[in-house]
Amino acid sequence: MDEPSDDENSEPTPKKIKREWVKSYSNKAMEMMKKMGYENDKGLGKSNQGRLEPIIAVQQDGRRGFGLKLDTVQSSAGQWDPACEELEIPEPVLWLHNPGSRADAYSLDQLMGHLVTGEKKLTLDGETRYCDPAILHHILNAKTVFDDLNDNEKRRARSRCNPFETIRSSIFLNRAAVKMANIDSMCNFMFTNPRDPAGQTLVAPDELLYFTDMCAGPGGFSEYVLYRKSWEAKGFGFTLRGANDFKLEKFFAASPESFDTFYGVKEDGNIFDESNQDSLNEYIRMHTPQGVHFAMADGGFSVEGQKNIQEILSKQLYLCQFLTALKILRPNGSFVCKVFDLFTPFSVGLVYLMYKCFQQIAIIKPNSSRPANSERYLVCKYKRSDAETAGIVAYLNTVNLMLSDESQLDENDVLEIFNANELAEDEDFLRYIIDSNNAIGKKQIVGLRKIAAFAQNLELKETKQSEVRQECLKRWGLPDKLRQAPENKPTDRLLDELLADWANERSWLSLPATEMKGVASLNATIKNVADWYFVPVGREETNINACSLFLCKSRGNLLRYTEHKKWELVETAFEVQPRSIFFGQIVYEFYGEGRTIQRMAALHIIDGICLGGVDIRRRPYRERVSMCDKFARSLNKPYRKDRTFGALRSKPLFRLQDMGSFFANMRHYVLKDNSQRLGFALDDNKFFVPGGIMMFCELTNNYVSAHSRSRGQLYYFNVRNKESYYKDQIPRNKADEIFASFRFSFSCRLLWKWTDLRQVEELATEDNPKILFRSDFVKFIADKLGHS
């Protein structure tokens, strides 16, 4: 990749040449020289003439020998004029809109007529249809000059001359993450905050932001997205196994629990394999049937010694990344992909087909991408429907098979995939490609010449690096600080942070639920059935299965608050994001029935205080439960083959007034000992056996909800001062007074425990004031609703 591309993400810091030469000598040496007549700032000659500093020793680099003469282009470049370089912050983004024919205008048969094969090309010479010939000539010449420089020289010169160099990887594991932050900012955060053409969000309130990161090890793009969105996003990673795999343990700026790696049906992460592409699509659709909101691709490989034909060598990689994106994206989805030179008819034809599959495209060069390389990014916005893009997907599949069949392409190659003459008829597209290539090419020539100048003249220095760093980080929404590993704080200190103003008085943490043992206890506690909700809870066979508070301190470090008021490590492995504290229960979920039944531990979340650092304690009860559900869906990986963690899900929530339908949906399951128990079916062919229900009120003691007949709206009524507020007109300062916080809901929770199998039978009853039967509870609810 031209002057190593952006898989330059972890580079050694170059050694500095000593400038303050005086410090290189001991005080004794300087004193001896002064005794012999030496004076500061005067030469050593008889008349104080001569050099004022020592001759610097030869800086030997690598295997370079004495007497080497660098190319005249480089030598002349030793003089650098800063006016040659134009900095644009922010960078302009020029969108190309596609108002013309749609993707479904092309069938597979029609597109096959565009295919051109011929003798394999191993040079870009003559590829001037889509750029100014002079620019291509200067780019290729400028790159060739660097063959005379070794890696250390190039690296040192690049570090000194690039105005954006000191941004480096910021708080992330590599520079790719910073590039994604830069691109997201350039494009008005269209990836982490996607909106439709009318400006409305494309992510529903209870929906996760789904994304895919392809050919992306070690994962910088994903680290940025998770830094920005945390667990409100869920990512799918696809890359080659091996040395360039994802390094999730190196995610310091974000937690990787919401990231799910998948390597295809072949288990190798090879994106050239059609079966891998299709299995990735199937895996994603199991989680989100519509597809992902956006896809990112950052593929590249070493082209050492063949930098000038990187585009030709990367053609199948381009195609497969584009093709996979079309398969996995939902309608209105977006795509960003790293590409290099776009001079050949093959590459331009690929971009044209993507242009037809989306409403808008842009080719951008972010400032975080070094100016001297040919790297750029294709950004595609608002994907058209799968039905519209089906013909192009089938065509790209066919071309990929041809490229993969080495026997067919031993000497020949696919040279064009869309007729160049027909493409040229789309004047807007043609002009866009030419202008883009020329603009990026001019900047690249300037960048290459600047590196050559700085390599030749060690006195040159870029003075804007500090100023540019601060401005860019601010614009991209990144902190100006160094990367550091997350701190593993002591339990009490972390609790102080997460509980905040609830930390001083913690007695409520150990408050038990109030048990309902008869209709009298229901009458004493439940004023308005409409304000109450319930979740089914497990049987609590042991203390470990009791409903408890859970605290995740760090990755793999989940604690449970015991009845002894101590935090103990949970032995079962669950993948929970650090800085989380919530109320939940470890239950056994079952798969199958009878003697073949299998059971596995699962963690069910009931309510939350803080989820992955997001404070939800004072949000209304239903909103907290909805966020707990999103949190669990983001972290859970139900379809992984190598499941090393227990399942994570939120408890199913029901309105108390819907208890009848809750029981109607339960059925009897046969357990391993041939006993039959009422079980609750989960959404993945599993079930669990409840041992009771736990109830929560969404309002504080002073309020009840009611329905206004005159306005047809819900309102909240204060039973003490008789004030009332419609749901959509609640003052901000009243919300905390009306809606129960986590602490209030937790402290006032009720428990109906099923200690007798007859309690949950539909018609069973008994005149026992200490046992609450289902029939009595259902009648209580009906009576309450009848009186409201």
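Each residue's number is its place along the chain shown, starting with 1.
Backbone N, Cα and C define each Cβ position, glycine as well.
According to Swiss-Prot, the domain 'G-patch' annotation covers 25-71.
What Swiss-Prot records for Lys143, Thr144, Val145, Phe146, Asp147, Arg158, Asn308, Ile309, Gln310, Asn373 is substrate binding site. Just so you know, the Cβ of Lys143 (substrate binding site) picks up 20 other Cβ atoms within 10 Å once every protein chain is counted. Lys143 (substrate binding site) carries a helical DSSP state (H, G or I).
Here Swiss-Prot flags 171-384 as domain 'RrmJ-type SAM-dependent 2'-O-MTase'.
Summarising the annotation, Swiss-Prot assigns S-adenosyl-L-methionine binding site to Asn174, Cys215, Ala216, Gly217, Pro218, Gly219, Gly220, Phe221. In this structure, Gly217 (S-adenosyl-L-methionine binding site) belongs to neither helix nor strand by DSSP; it is coil. Residue environment of Gly217 (S-adenosyl-L-methionine binding site) contains 23 other Cβ atoms, counted within 10 Å of its Cβ in all protein chains.
Within 10 Å of the C-beta atom of Lys179 (active site) sit 26 other C-beta atoms, taking all shown protein chains into account. Taken from Swiss-Prot, the feature active site applies to Lys179 (among others).
The active site annotation in Swiss-Prot covers Asp298 (among others) and is backed by similarity to another entry. Under the three-state DSSP scheme, Asp298 (active site) falls in the coil class.
According to Swiss-Prot, the feature active site, proton acceptor maps to Lys338, an assignment based on sequence analysis. In this structure, Lys338 (active site, proton acceptor) is part of a beta strand by DSSP.
Secondary structure at Asn174 (S-adenosyl-L-methionine binding site), as computed by DSSP, is coil. The binding-site residues shown are Asn174, Gly217, Gly220; of these, the one with its CA atom nearest the CA of Lys143 (substrate binding site) is Asn174. Take the mean position of the Cβ atoms of Asn174, Cys215, Ala216, Gly217, Pro218, Gly219, Gly220, Phe221, the recorded S-adenosyl-L-methionine site; other residues of that chain with a Cβ within 8 Å of it are Ala176, Asp213, Ser222, Glu223, Thr239, Phe246, Asp298. For the pair formed by Lys179 (active site) and Pro218 (S-adenosyl-L-methionine binding site), distance between Cα atoms is given as 14 Å, rounded to the nearest Å.
Within 10 Å of the C-beta of Pro218 (S-adenosyl-L-methionine binding site) there are 23 other C-beta atoms, taking all protein chains into account.
On a Cα basis, Lys338 (active site, proton acceptor) lies 13 Å away from Gly220 (S-adenosyl-L-methionine binding site).
Lys338 (active site, proton acceptor) has Asp298 nearby among the recorded positions Asn174, Gly217, Pro218, Gly219, Phe221, Asp298, counting only those with a Cα within 10 angstroms of its own Cα. Binding residues for S-adenosyl-L-methionine (Asn174, Cys215, Ala216, Gly217, Pro218, Gly219, Gly220, Phe221) extend across at most 15 Å, taking the greatest CA-CA distance. Straight-line distance linking the Cα atoms of Gly217 (S-adenosyl-L-methionine binding site) and Asp298 (active site), rounded to a whole number, equals 9 Å.
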